[in-house]
Amino acid sequence: MQINTIPVNPTLPRHIAIIMDGNGRWAERRSRPRTTGHRAGVKAAMRTVDFCLEKGIKMLTLFAFSSENWNRPADEVNFLMEMSIKLFGRGIEELHRRGVQVRFIGERKRFDIALVEHMTKAEHLTANNQRLILSLAVSYGGRQDITMAARALAQDVAAGRLKPEQIDEDLLGQHMALADLPPPDMFIRTSGVIRISNFLLWQIAYTELWFTDVMWPEFNSTVLQQALDDYASRERRFGLTNAQIASRGKGSIPA
């Protein structure tokens, strides 16, 4: 499967990005530790992967751990790291068996060496899978993403490999996370919070946004189908007029 030749279905997103929000609050409302919510959140993530495989959605990007999440209580951060290692031990083999390609975006250098090794092994194991590309944003921030891309171009200019006037949106975008994938068609955030929280700031310029009050641990196929039904009813303009969209055809979505 060539990523840039994935057929466009105007009623079904090729690429969904999700902020999995509400694990801690879901647990606290039940007088349980926040870590209980994170465990339930992993199950919700797996349900979402199952749904995407069933529907033929080709790309799913999940915001698992932001660059700002390092400021949370140390015990919660440590739990998330330990849970991640255990997940890679059990879950990756199952994802591989089902044809899921696993990727990670974000700043890995802050993670424990053992966890980074698990990430690398997961990527290598699943690299040739094509049913679904699952990108996990870990220690990721949208501003950080843009800054690193700008820094890379600045280094090329300083080294004489690039002229400043050669820099344009396309070139900057090539240095961003998910550069080889089409931008997300749909962005979903759970828990009733209506903001994008520094997630994929560059990549979601023309993405359809959808918010739900459902907490992430309770997110399921019924809620996700509601999101897809809403998406199918929308007309994506990309800055064009109705007449221009009609002349190009509704399925003409920029890559």
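Quick reminder: no glycine exception, Cβ is built from N, Cα and C everywhere.
Note that this is a predicted model, so its numbers are computed, not measured.
Now, the feature entries from Swiss-Prot:
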- Asp21: active site (ACT_SITE)
- Asn69: active site, proton acceptor (ACT_SITE)
- Asp21, Glu208: Mg(2+) binding site (BINDING)
- 22-26, Arg34, His38, 66-68, Trp70, Arg72, Arg189, 195-197: substrate binding site (BINDING)
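Annotated features taken from Swiss-Prot, shown on the structure.
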residue	record	CB count, 10 Å
Asp21	active site	24
Gly22	substrate binding site	25
Gly24	substrate binding site	20
Trp26	substrate binding site	24
His38	substrate binding site	21
Asn69	active site, proton acceptor	16
Trp70	substrate binding site	12
Arg189	substrate binding site	23
Ile196	substrate binding site	17
Glu208	Mg(2+) binding site	17
Around Ser67 (substrate binding site), how many other CB atoms lie within 10 A of its CB?
19
Reported as an integer number of Å, what is the Cα distance between Gly24 (substrate binding site) and Asn69 (active site, proton acceptor)?
13
Write down the Cα-Cα distance for the residue listed as 'active site' and Glu208 (Mg(2+) binding site), rounded and given in Å.
18
How many Å separate the Cα atoms of Ile196 (substrate binding site) and Asp21 (active site)?
11
Pop the Cα-Cα gap between Asp21 (active site) and His38 (substrate binding site) into the table, whole Å please.
10
State the three-class DSSP label for Glu208 (Mg(2+) binding site), counting H, G and I as helix, E and B as strand, and everything else as coil.
strand
In terms of DSSP three-state secondary structure, what is the assignment for Trp26 (substrate binding site)?
helix
Indicate whether Ile196 (substrate binding site) is helix, strand or coil by DSSP.
coil
